[in-house]
Amino acid sequence: MENKKTIYFLCTGNSCRSQMAEAWGKQYLGDKWNVYSAGIEVHGVNPNAIKAMNEVNIDITNQTSDIIDANILNRADLVVTLCSHADSVCPSTPPDVNRVHWGFDDPAGKEWSEFQRVRDEIGERIKRFSETGE
């Protein structure tokens, strides 16, 4: 079997957006990609992110909030920043690491409907990537 590629989702606190992206990534990309997420800082997994993903039958209670791991970052096939802060302060990556920015609003501290909206937007974006490679 061919080695899987690695995708690394990054946001500021590895609390909401990147946690959701990791979960969606495992669902849509898991057969071809190793999927990880991390943050510039560690804020813990937001309970509303867990609740939002449970609504779509994806359990992220065992996911952890992690700081960027240089080993994963430097070996990833694709690094995806999910917020402008992570995009601007993300450590440099080697030239062979493809880095893209997919911006999503931060639902933390906002109404419940924002968690649902951002969850669905991230899921749709990753599904599209799984189908088109873009």
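Our numbering is plain: 1 for the first residue shown, then up by one each step along the chain.
Any Cβ shown, glycine's included, is placed from N, Cα and C.
Secondary structure at C11 (active site, nucleophile), as computed by DSSP, is strand. All protein chains included, C11 (active site, nucleophile) registers 28 other Cβ atoms within 10 Å of its own Cβ. The active site, nucleophile annotation in Swiss-Prot covers C11 (among others).
Among the features that Swiss-Prot reports, disulfide bond is placed at C11-C83 (among others). Following the DSSP three-state reduction, the secondary structure of C83 (disulfide bond) is coil.
The active site, nucleophile annotation in Swiss-Prot covers C83 (among others). Taking a C-beta cut-off of under 8 angstroms and a sequence separation of 6 or more, C83 (disulfide bond) has the following same-chain neighbours: C11, T12, R17, G103, F104, D106.
Among the features that Swiss-Prot reports, disulfide bond is placed at C83-C90 (among others), with the record citing sequence analysis.
What Swiss-Prot records for C90 (among others) is active site, nucleophile, and it gives sequence analysis as the kind of evidence. DSSP assigns C90 (disulfide bond) to coil in the three-state reduction, placing it in neither a helix nor a strand.
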